[in-house]
Amino acid sequence: MTDYKATLNLPDTAFPMKAGLPQREPQILQRWDSIGLYQKLREIGKDRPKFVLHDGPPYANGKIHIGHALNKILKDMIVRSKTLAGFDAPYVPGWDCHGLPIEHKVEVTHGKHLSADRTRELCREYAAEQIEGQKTEFIRLGVLGDWDNPYKTMNFANEAGEIRALAEMVKQGFVFKGLKPVNWCFDCGSALAEAEVEYADKKSQTIDVAFPVADETKLAAAFGLASLAKPAAIVIWTTTPWTIPANQALNIHPEFKYALVDTGERLLVLAEELVESCLKRYNLEGSIIATAQGSALELINFRHPFYDRLSPIYLADYVELGAGTGVVHSAPAYGEDDFVTCKRYGMVNDDILTPVQSNGVYVESLPFFGGQFIWKANPAIVEKLSEVGALMHTETISHSYMHCWRHKTPLIYRATAQWFVGMDKQPTTGEPLRERALKAIEDTKFVPAWGQARLHSMIANRPDWCISRQRNWGVPIPFFLHKQTGELHPRTVELMEQVAKRVEQEGIEAWFKLDAAELLGVEADQYDKITDTLDVWFDSGTTHWHVLRGSHDIGHTTGPVADLYLEGSDQHRGWFHSSLLTGCAIDNHAPYRELLTHGFTVDENGRKMSKSLGNTIEPEKVNNTLGADILRLWVSATDYSGEMAVSEQILQRSADAYRRIRNTARFLLSNLSGFDPARDLLAPEDMLALDRWAVDRTLLLQRELEEHYSEYRFWNVYSKVHNFCVQELGGFYLDIIKDRQYTTGANSVARRSCQTALYHISEALVRWIAPILAFTADEIWQYLPGERNESVMLNGWYQGLSELPEGTELDRAYWDRVMAVKASVNKELENQRTAKVIGGNLQAEVTLYADEGLSADLGKLGDELRFVLITSAASVVPFAQAPAEAVATEVEGLKLKVVKSGHAKCGRCWHFRADVGSHPEHPEICSRCVDNLSGSGEVRHYA
C-alpha cells in the first residue's frame, strides 16, 4: 500500500501550539527593550497627528492590585490601537509621591520623633523604592511606555512646576486665605480633601436640648400673644453633643410653621409638623397654643444652656423635617451650613468660637470640659445638660458618618485658617471658577455618557477647595504673610518664581531650609514664612501643567493639552475633578477633551475584592500561571462601564477563548508554509471566488473593528474577533479550504489563491489583536512569511485587503445563503454520525432539494458544491421532487437527504468516489488525486 502522505501539502510551522505565556512573555519584553520599541515608535510617529492619553498617577505605595492592572491595560489598549490607527500616541507613566500615606508609613517604620527634614528624606526614599516595584509589575503586563523616564510628582522639576501652577492661580485671583470648616482628621492632624473622605456606620448619642428664651416679649409677639404665661424654650436636636459648647446660633426654616406648645411646666417651640413625635419622645403631654411662620422668629434671642451668652434665631433653608425638632443648633466652627449662615448674618471670623484643637482636645480654657477629647466628652456634656434642666431626651443611633480614608476614624468639620481656591470668587479677569468648570464639562466628551451629569453635579454643589495641609511630606505653599495685616507679600508671584527655581535644583527641601532674608532682605522681619503644604490632589491635578507642558512636554499646544484622561469612577471626585478646576483656573478650559471612566473589580458573585473575603486576584499570580495576555483578554472582554467581575474561573474562561484565537493563528501560519508573498501572492482578480469573499469579509470586519477601537468598545472587538475565528473561519472557511490546500499542486492557482487569502487574513488578524494580546501578536508577527520590520506595533492597520467588486455574481449575500445551507447540511450530518449511519462527513453523499432560486444559486458552484459542503458528493434537485424522507431545514425552500456513500475511499484525499482504483498505477486513489499528482492538476473556480 502506497503512502501518499508525502504528496500532500501538510501544514507546517514552528509557531508553538502551547503558548507557555508565563515563560515566553518575559522573553518578548526583553526583545522589545533590546530593539528600543518605544523609542522607535516615537521616531516613526514624529510627523503624525498626536493623541495624548495622560496617565493618572497611581500612588507610590504597595504592590499593584487587580484594579491597577485593569486601569493600565485599558490605557495600553488605547495607546496601541491609536498607534495602529496612525497617531503618534506617546505614553508617559507617572506616580503620585507626596502625601500622608507615605508619611504615615515612614512614621510607623521609624517613629514619630523624626525631624521634618529627616521625614522628607525618608519619604522620598520610600516613594522611590515603591515606584521601582510597581514599575516592574506594570511592565510585566505588557504596558508600552516611557518607563525609563516616567513622571513623578516628587521630581524636582515637577515640584517646581506645581509651585508655578499655584502662582498662576494666585496671579489670576483664585487663591485666598479663609477661616472655614474643613474635613479634619485628628490622626492626620490635617484637613482632608473631599476625595479622602469615606462613609461608614457610626454610633452616635443624639440629644434634644432646650434653649431658654431671652426675649420673652419678642417671642410672645411673634406668636401673636400679649405675653408668655410660663417659662419658654426652643428645642434643638443634634447627633453631635460635643458641638454644644461651640453653639452660637439657632437655625429654623423661614417657610415652616412653628408651634408654641404648653407642656404644663413650660412652653416649648417646635416645628408644628413634629410636635406629636417630639412630645412622645419626651414623654410629655401638651397642647399647641399658637403657631407662627418661621420667618416671624428671626433674630429672637435664646440663652445657651450652660454658658452666659445668647443664641439668636437665624433663618436657613437647609433645615429639614425628616427628624429632630425642626430647629438646628448652629456651631459655625464645626458645620459648613452653620458657618455660611452665621457669616450671612454678619458674624466675623474673630467672633467664631473654635474650642476644639487640631488633636480633637478642647482648649484648657473651655469651662467644664477643657482638656477633654471631644468623643470622650460627650457623656460629660449630656450630664451637664441634664444638671441644668436642658436635656429633653437622649438615645444612641447608628448612622452613616464621614471617616478618614486612611485611618478609618471619624472626622469632624473644623474651622481653621486655610488656603482655598475660590469657586465663586471673582478672578482678576473672566468668569468665576465654578462657571468656567461647568462650561468646560459641557465641552467634554464622557465615556460612558452618564459621567457628565455626575461631574456636573459635583462641581455645581462643591464648596471652595481647601488646598492647604499641615504636613511635612508635600509641596510647600511658598507664601510670606505680613505679621500685622496677615496679607500676602505684594510680590508673591515673583517670589514664588524665585522659590520654584530653587526647588527645581534642590527639591521642596529648598523652601523649608530657606531663610526669608535671602528673598526679602530687610523686609524679612515683617513677614512670616508659612509651612503649609499643598493638598496632594493639587499635585496630580496640575500634571497637565507641570508634566504635559513641563517635564515631558508632550501635550497639545492649543486647546486641551490631553485628548483623554482614563480612570476609575471614583476619580470624578478625585483626579478628574482637581484637574478640571486647575485647568479652568489657569487656561479657562479643561485639560482633557474626553473622560473615560471604568468600574471597579468584583468577584463572580458581585462582591467587592477583599483580603478578608479571600476573593482577591493578584496580577502577579495570574502572570506567573496563565500569562499577562490572559489578563489583557479578560479586560478586553468585559464591559468596563459597570462593575467588572473577575475570578479564577472567569480567567480560565478567558484562557479557553485565548486558545481558540491562538489555534486559529497557528492554523493560518501552518498553512502559509512555503508561501512567499513577494513571489506567490495573487492579484484579487486571479483568486477563487470563496477566497475573494474571505478577504472581503475580513475587510468589512476590519472597518467595524477600527470603529470599535476608536470608540474604546473593546468588548465588541473581542467578541467579533473571537466569533470570526470560531465561526466564519473555523466553522466555515478554514474547513472548506483544507482539501484544496492539502491535495492540489503546491504551486497551483487553487492553493496559492487560498494561501493569498490566508496571508491577507493573517496580516489583518495580527494587527487586530495587537492592542489586546500584545505578547501573542508580536510572537505571531515573527512567524509570518515575507520581509517585515521588528514589531507589529511599528505598522498601521493592514491596507492589503480588497473589497468584492460591485456587481460580483457571487457576492456577500450569495455567500450568506451558502453559509445558511451549509449550516443545515452540517446539522443533518451530525444527526447521521450520531445514528452511526456515517463515520465522517466525507462518507456522506447529500442531495439538496431546492426551490428555483436556491437551486440556481447552488448550481453556480457546479461540482465544487461538494467541497463547500465537505461531502464526497452533492447534487441539487428541484424542491418538488423531494421524497417523504427528505429532511426539512430552517432554510426556506430547502430539504435534504444524506446517504452513506457506496464507493471506495481515496487513500489520499479521503473522499469516497466511484473512480477510486480506475488508474492502474494508483489503484488506491481517485482520478482527481491522480491528476494532481502527475497530470496538469485539477482546476478550481469557486472553492
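Cβ from N, Cα, C; glycine included.
As annotated by Swiss-Prot, motif ''HIGH' region' applies to 58-68. Away from its own ends, the motif ''HIGH' region' (58-68) comes close to residues 95-97, 99, 101-102, 105, 127-128, 130-131, 133-134, 137-138, 152, 568, 600-601, 609, 616-620, 646 of its chain (Cβ-Cβ under 8 Å, at least six residues beyond either end).
The Cβ of GLU567 (L-isoleucyl-5'-AMP binding site) lies under 8 Å from the Cβ of GLY56, ASN71, GLY574, TRP575, PHE576, THR597, HIS598, each on the same chain and at least six residues away in sequence. Taken from Swiss-Prot, the feature L-isoleucyl-5'-AMP binding site covers GLU567, and the record attributes it to sequence analysis.
Taken together, the residues of the motif ''KMSKS' region' (608-612) have an average pLDDT of 82. Annotation source Swiss-Prot lists motif ''KMSKS' region' at 608-612.
Feature annotation from Swiss-Prot assigns ATP binding site to LYS611. The Cβ neighbour count for LYS611 (ATP binding site), using a 10 Å radius over every protein chain in view, is 8.
Annotation note: CYS929 (Zn(2+) binding site) sits in a helical segment as assigned by DSSP. Counting every protein chain shown, 27 other Cβ atoms lie within 10 Å of the Cβ of CYS929 (Zn(2+) binding site). If you look up Swiss-Prot, you'll see CYS906, CYS909, CYS926, CYS929 marked as Zn(2+) binding site.
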Among CYS906, CYS909, CYS926, the one of these binding-site residues whose Cβ has the fewest neighbouring Cβ atoms within 10 Å: CYS909
C-alpha spacing of CYS929 (Zn(2+) binding site) relative to LYS611 (ATP binding site), in angstrom: 65
Residue counts (helix, strand, coil, in that order) that DSSP gives for the motif ''KMSKS' region' (608-612): 0 helix, 1 strand, 4 coil
Chain-mates of CYS906, CYS909, CYS926, CYS929 with C-beta within 8 Å of site centroid, Zn(2+): THR743, GLY907, ARG908, TRP910, HIS911, ARG913, VAL916, ILE925, SER927, ARG928, VAL930
